[in-house]
Amino acid sequence: MICFPNAKINLGLNVVSKRPDGYHNIETIFYPIPVRDALEIVASDRTCFTQTGIPVDAPQEKNLVIKALNALKTRYEIPPLEIHLLKAIPFGAGLGGGSADAAFMLKLVNDFCGLDIHPDELEAIASTIGADCPFFIRNTPVFATGTGNQFEPVDLSLKDYYLCLVKPDVAVSTPEAYSMVTPAAPETSLKEIIRLPVSEWKERMVNDFERSVFPRHPVIERIKDTLYEGGALYAAMSGSGSSVFGLFEKPTHFKEQSLFSDCFLWEGQLS
């Protein structure tokens, strides 16, 4: 049985306040996009895991697919499985690829083994793996608050817009992203901004992390500028980076123009 875990982008990100536990409260919009890994499981006489595609520099036991399987094993009887992950979503990009793999693993094993686990329980299990992991269980647009772990569904469709996603060969650490951000409640909530036409987002929707990341990694800012120069209605860094996306009314041709040739590049229409 096979499934295709998809990435997400952050539409805006406001760092609202610092918490007593040292973490930060944020607000952002998670929106699913059709940039996908492939995850397959088959019955086997022993559990084994293999991975191809984009290399991930992490030991197997720390892979979130394995963490998802182990989380299920503490609650249910799971037979031995042969697992293969084809990695196509860039990691360290603010796209939630690892969390998507884990959430889709929970759903895949649930279906494969006929466990009939309710989505609410799958979300609860996913929450033990990562803050944004539960989002991928239902995989629909949400207004995320708290540490990015509290979700409220939003009525938002970007169907028929064109997406260009660019990820340079740059890594951004979370402490680095927060380093120059002063937490503050936004004047206008993202829930209000997304009700406006996309063409009005540029002047109203911000990602607070850009003010920390851009001075340290100017290549990321240049990508955003290039997307706007290419006709983007809205462009922004996703999460803490380092990927940048642009939303367009028409198909983009950055690959044909040999722009971003040293970056991961995905262009396509949203559905």
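Glycine is treated like the rest: Cβ placed from N, Cα and C.
Positions annotated as active site by Swiss-Prot: K8, D132. The ATP binding site annotation in Swiss-Prot covers P90, F91, G92, A93, G94, L95, G96, G97, G98, S99, A100, and the record cites sequence analysis as its basis.
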- Which chain-mates of P90 (ATP binding site) that are at least 6 residues away have a CB under 8 A from its CB, listed by sequence? I54, G97, K167, S243, F264
- Note on the structure: Cβ-Cβ distance under 8 Å, sequence separation of 6 or more, same chain as G98 (ATP binding site); the residues meeting this, in order, are N63, L64, F91, G130
- Task: Round to a whole number and give the Cα-to-Cα distance in Å for the pair G96 (ATP binding site) and K8 (active site).
- Result: 6
- Message: I need the neighbours of the ATP site defined by P90, F91, G92, A93, G94, L95, G96, G97, G98, S99, A100. Which other residues of that chain put their C-beta within 8 angstroms of the C-beta centroid, in sequence order?
- Response: A7, I89
- Measure the Cβ-based neighbour count of K8 (active site), defined as the other Cβ atoms within 10 Å of its Cβ. 27
- Set of same-chain residues at least 6 away whose C-beta sits under 8 angstroms from G94 (ATP binding site): I9, N10, V172, M237, S238, G239, S240, G241, S242, S243
- Message: Tell me the Cα distance separating D132 (active site) from A100 (ATP binding site), rounded to the nearest angstrom.
- Response: 9
- Message: Counting only residues 6+ away in sequence within the same chain, which have a CB under 8 Å from the CB of D132 (active site)?
- Response: K8, F30, G96, S99, A144, G148, N149
- Task: Would you identify the secondary structure of G98 (ATP binding site) according to DSSP, in three states?
- Result: helix
